Each structure stands twice: as structure tokens, then as C-alpha cells.
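To keep things clear, I will list the structure first and then write my remarks on it.
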Amino acid sequence: MDYGGNSGSDRVALEKMRRPYLEKHQVLNSSKLESQSPFELWKAWFDQASQVISEMGSPNEPNQMALATATRDGRPSLRYLLLKGHDETGFYFYTNYNSRQPAATVCMYWPEVHRMVTIEGDVAKVDSQRSDAYFKSRPLDSQIGAAISSQSSVIASRQELESARRSLSERVTAEGAECIDRPEQWGGYRLRPDRFEFWQGQRDRLHDRLQFRRQADGAGWTYERLAP
């Protein structure tokens, strides 16, 4: 039976698709990692992935991440965006405020090094000054795109977007402006982690999974190794 909807000799069954890892990665040393802050470990992994991606000329962006949120009745939503900042308190991203994000999970996957980090936590808006500063740093076309889009709302056609963009672009050009004001419905969020999971792929599929859970008093982290 062809579950993939294809036919002919070139059909590849989905259940047979498997790309073997080209090398066996070093098993993660629990005793060394347990003493690290999950923020420090994330930064080390991010820096290494960024270097490898640059050296390989990969089209992937090291700061791309999947963002998962859910409504109060449990209906999930998932999309990709870019991480745009981090510090000792959390991770920052920018999007339309009409999107649903009281709590979220982000996942950063770097196939070039067979590594993945999943981060869960509460989400809150950043202050308007920070959102304003980042918005002004974006290319003008990106600013215009954010201003005209009521994200996730139903629109009649692509032409509706193009018309709105053309109209605002013409007005900005006529005014000689280099940037526009940040729309009220767009800005930044900070995800404050309460759980990290670090995943290192292994050729034999006995992957390493290391978990950090924020302690109830908020003063530290509980470290655990998870079965693959």
C-alpha cells in the first residue's frame, strides 16, 4: 500500500526514510555538565553551532527556532521565527502581540552538529523602549511588513497585502522617512525558562538527553539524564 501518495519505481516509502549520522558523537559527560548553568551550556552549544554553520556555508540560521504555544483549552500552535536576544533571565523574540503566548516552548535544532535544545517557560512582554529600539534596527521593508499585517487574521487575497504595502511605502518615501513608528500590535517577548532539554544525536540512536528543571524556590536547577 502506498501511504505516501506516490507510485512507480522512484517511490520511497516514508517508513524507510532514514539518513544515518556520519559519525558517532562524544557521549555527553554528566559530571561535567551538571555543574554548569543551563544558560552557559546553551551559549556554548549555540556558539559552536554558529561556527560550524558558517564554516559549512549552510543556508540555516543558527538563531532560527520553532515556537510552540497553546490556547487555554489546549489547542497548540507552532511556527518558526528568530531568536533576537538572550541574557541571564531569558530569551527574547519579536512578533505580533495578537499571537497567543502566555507560556511557550521553543526548540532550536542544528542538524549540522546533530544537536537540539528545547526551552520551556512563561512568556511576558518586554518594555516598550526595548521593542522600539529593536523595531528601528530592522530594515524598512520589514518595518512596513509588520505594520500592515494583522497576523493570523483572515484576508481576502495576497493583493490585499501588496496594496497595503505599496500604499505605506509610497507615503514613507514621500515623507523621506528612514523608519516608521512601531505599531502597537507588534513588539518583544521574553521567555523565562523553567526547563531546558539538551539533545545530542548519536549514530546508534541511543541519543543523549539532559534536562535542567528550575527548582521550586527559583534558586537553582535540578539536573537529570533522560532515556532517549
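Along the chain as shown, residues are numbered 1 onward.
Cβ atoms are placed via backbone N, Cα and C, with glycine included.
Positions annotated as domain 'Pyridoxamine 5'-phosphate oxidase N-terminal' by TrEMBL: 60-162.
What TrEMBL lists as domain 'Pyridoxine 5'-phosphate oxidase dimerisation C-terminal' is 186-228. In the predicted model, residues of the domain 'Pyridoxine 5'-phosphate oxidase dimerisation C-terminal' (186-228) average a pLDDT of 93.
Summarised by DSSP class, the composition of the domain 'Pyridoxamine 5'-phosphate oxidase N-terminal' (60-162) is 24 helix, 43 strand, 36 coil.
Through the fold, the domain 'Pyridoxine 5'-phosphate oxidase dimerisation C-terminal' (186-228) approaches residues 20-21, 23-25, 27-28, 30, 33-34, 37-38, 41-42, 45, 84, 89-97, 101, 104, 106, 114-126, 128, 130-131, 134-135, 146-147 of its own chain, all at least 6 residues removed from its boundaries and within a Cβ separation under 8 Å.
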